[in-house]
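Report on the following structure.
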Amino acid sequence: MTSSVIAQSVFPYRQLLVGFSGGLDSTVLLHRLMLWREQEPDVQIRAIHVHHGLSSNADHWVAHCESLCKSWHIPLIVERVKLRDEGLGTEAQARKARYLAFEKTLQAGEALVTAQHLDDQCETFLLALKRGSGPAGLSAMPVRTEFAGSQLIRPLLGETRTSLEKWAQDYNLCWIDDESNQDDRYDRNFLRLRVLPLLSERWPHFADATARSAALCAEQESLLDELLTEELASVISTEGRLRIEPLEAMSPVRRAALIRRWLAAHHAQMPSRTMLNRIWEEVALAREDATPRLHLGGFEVRRYKGELWWVKYQPTMIDQIIEWRDPSVTLMLPQGSVCFADGGHIRLPNPDEQVTIRFKACGILHIVGRHGGRKLKKIWQEYNIPPWLRDTTPLLFYGETLIAAAGVFVTKEGWIEKGVQLEWKA
């Protein structure tokens with residue numbers, strides 16, 4: 001790959017952030033970009049290395065990347081991340097953390113460049129096939145995709161690992177080998193170490209053929225997107241929720257295609273056919289008085305008021321009581337924060353009143369703007385607060401008296417003509 005070819009592959013970007021693990025693939029990519037920059041000095045390249053903390057060698061890898069980038073005069077950002085168990089598996093969780101770090105580091109006018117190659121594409125296709133994916137999943141990885149308001153570019157997607165090895169040998173490049181790449185308990189490693197060598201030995205152009213199939217699937221998916229764009233817009237509310245009633249009159253195939261695209265708009269991992277059926281049967285068609293939910297990664301598909309909602313999963317806070325010792329400063333909560341701000345109708349606490357944030361209230365409540373008393377459940381219903389927000393919305397208490405619900409109501413015991421408001425940042 002000549003400098004002109006790599007320049008064309010990232011055109012029109014001349015400011016690049018390169019995902020740099022220190023392995024063979026990203027080392028070759030960074031080297032080629034460095035050679036291009038030597039010919040065109042206005043090109044700006046930064047590298048980012050993500051330290052996952054999964055290997056005892058991780059600190060050595062950082063030192064290697066720092067040394068190489070220093071010798072090539074390329075600024076290196078090292079991001080240390082901690083993986084949270086969200087039920088995705090180690091591989092998927094590491095990838096998620098990595099791309100969150102990329103997104104955080106990417107600057108305006110800069111494109112993200114990563115080093116996936118043809119063999120990676122083949123593995124991705126086979127993993128999607130193993131999951132029973134449709135055209136969207138079998139499209140595997142595009143050369144370019146939208147990312148964090150810019151683009152993610154994969155210039156090496158048409159090259160084999162063998163060609164990258166030859167480049168590295170020709171230029172005497174040094175790289176690191178992650179020992180976990182030899183662990184065939186991981187699906188991708190199993191394919192790379194055991195399956196693909198056999199397939200390539202039997203059919204030398206298997207990876208190329210797989211890439212063509214992935215491209216054809218991507219074309220079909222793109223065509224479907226074009227054909228369904230207007231219809232999808234007609235069944236999505238202005239707030240991004242999916243209306244159930246018009247979907248009921250559609251064929252299962254058409255309905256599933258629209259649900260998939262609604263989920264894709266929320267950057268959800270594409271569900272299996274079984275999961276799509278469950279979204280429709282268990283969530284959309286659940287009885288009216290039910291509060292159905294289906295967990296997808298760190299999010300949930302919920303139904304409320306005849307619509308499907310895509311919401312971030314939040315554990316219940318119902319039994320928590322959090323003391324607010326100094327209401328003049330922001331109080332950090334397990335999920336967000338609260339503070340007092342000017343311009344509301346909440347009275348400030350008296351010096352002898354203990355201030356707490358809670359998430360449930362018992363008995364009959366009297367709120368401003370409503371005649372008579374009612375229970376909290378009834379108040380939530382009147383204000384159209386979705387069920388999943390009812391036990392996570394902060395309730396302000398002075399002593400044992402409910403004063404206000406953040407952003408929703410003030411009780412008669414807490415109201416004053418010129419007071420403050422309770423701001424909640426979730």
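Note that Cβ sites are derived from N, Cα and C of the backbone, with glycine treated the same way.
Predicted, not measured: the structure shown is a model, and the values here were computed from it.
Over in Swiss-Prot, the protein carries these features:
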| type | residues | note |
| --- | --- | --- |
| BINDING | Ser21, Gly22, Gly23, Leu24, Asp25, Ser26 | ATP binding site |
Cβ-centroid neighbourhood (8 Å) of the ATP site, Ser21, Gly22, Gly23, Leu24, Asp25, Ser26 excluded: Phe20, Thr27, Val28, Ala115, Trp175, Ile176
Binding-site residues compared (Gly22, Gly23) - the one with the fewest other Cβ atoms within 10 Å: Gly23
C-beta crowding around Leu24 (ATP binding site), within 10 angstroms: 20
DSSP-derived structure type at Ser26 (ATP binding site), helix or strand or else coil: helix
Other C-beta atoms that fall within 10 angstroms of the C-beta of Ser21 (ATP binding site): 21
List of residues, in chain order, with Cβ under 8 A from that of Ser26 (ATP binding site) and at least 6 apart: Val18, Gly19, Phe20, Thr114, Ala115
